[in-house]
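Everything below concerns the one structure shown next.
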Amino acid sequence: MQKQLAKMKQSLFDQGYLDEQFIQLEELQDDANPNFVEEVVTLYYRDSVRLVQNIEQALEKNPLDFAKLDSYMHQFKGSSSSFGAKKVKTECTQFRDHCRAGNADGCKRTFQELKKEYATLKKKLEVYFQFARQAGPVEKACRPK
Amino acid sequence: MAGEMAGNSTKKKISALVVDDDRLVRRIHGMLLTRFGMETNAVENGKEAVDLFASGKCYDLVFMDMEMPIMDGLKATQALREMGVSSTIVGVTSRTQEGETQAFMEAGLDACWEKPLTRDGIISLLDQVAKKLL
């Protein structure tokens, strides 16, 4: 089961969903905090709901307040990169580039992509953590190739 | 040994303060520092950090986010240095624009790193901090 778990993780890395930061967090897990990464990810998805709503509302305004949007996205990027959400982070960066260029359509388009990546990652990690709980604790965090 | 108080056999833990408005970042950085054996505390903004030091609390290491409500990292760092705080203050920011980092450094930081904190970064810092404590 550990092998399957490692394969799942490898796949998430190969497809670019996660980066090294995820491994750094897994390495912090110990007997006292065996599900630290799952806890972090749960916290992320809980805390970011309000932020997503704020951004959606802000994108409905006319004209757009690019400074406000940039500030929201700065927060979003910070949280997303803190646990290694690579694709989400990339979309955040793209969005901020559009904000700086004053490109409203670009912001709206990128935000749709961001939401897709955000939702996809959530589903994939839910499966991963479910599997991880069944597989039990590993002695060391396994680094993907 | 680094960290031991003179004339006392009790080993003193290095104390660290995480200053960040993002709950997730406080949790992650707090955990990372705790795993390195540090006594860790966390606050949500620069004003809370300044108030802590003003109340007499002291931390060997401060990890200061740049953008925070109420009082940002730059102002908090300036305030701490004006109070005479000599703790190692590391700016931690998602902003990578040079101008902003420079202004933050000039406020009185010892270093400025990009988020998130990493094990290697902390290891390099601990050596510095341990020497300061001797």
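Positions of Cβ are set from backbone N, Cα and C atoms, glycine also.
The domain 'Response regulatory' annotation in TrEMBL covers B:15-130. Secondary structure by DSSP for the domain 'Response regulatory' (B:15-130): 53 helix, 25 strand, 38 coil.
Within its own chain, B:D65 (4-aspartylphosphate) has B:V19, B:D20, B:D21, B:D22, B:V25, B:G73, B:G91, B:V92, B:T93, B:K115 as residues 6 or more apart in sequence whose C-beta sits under 8 angstroms from its own. Residues annotated as 4-aspartylphosphate in TrEMBL: B:D65.
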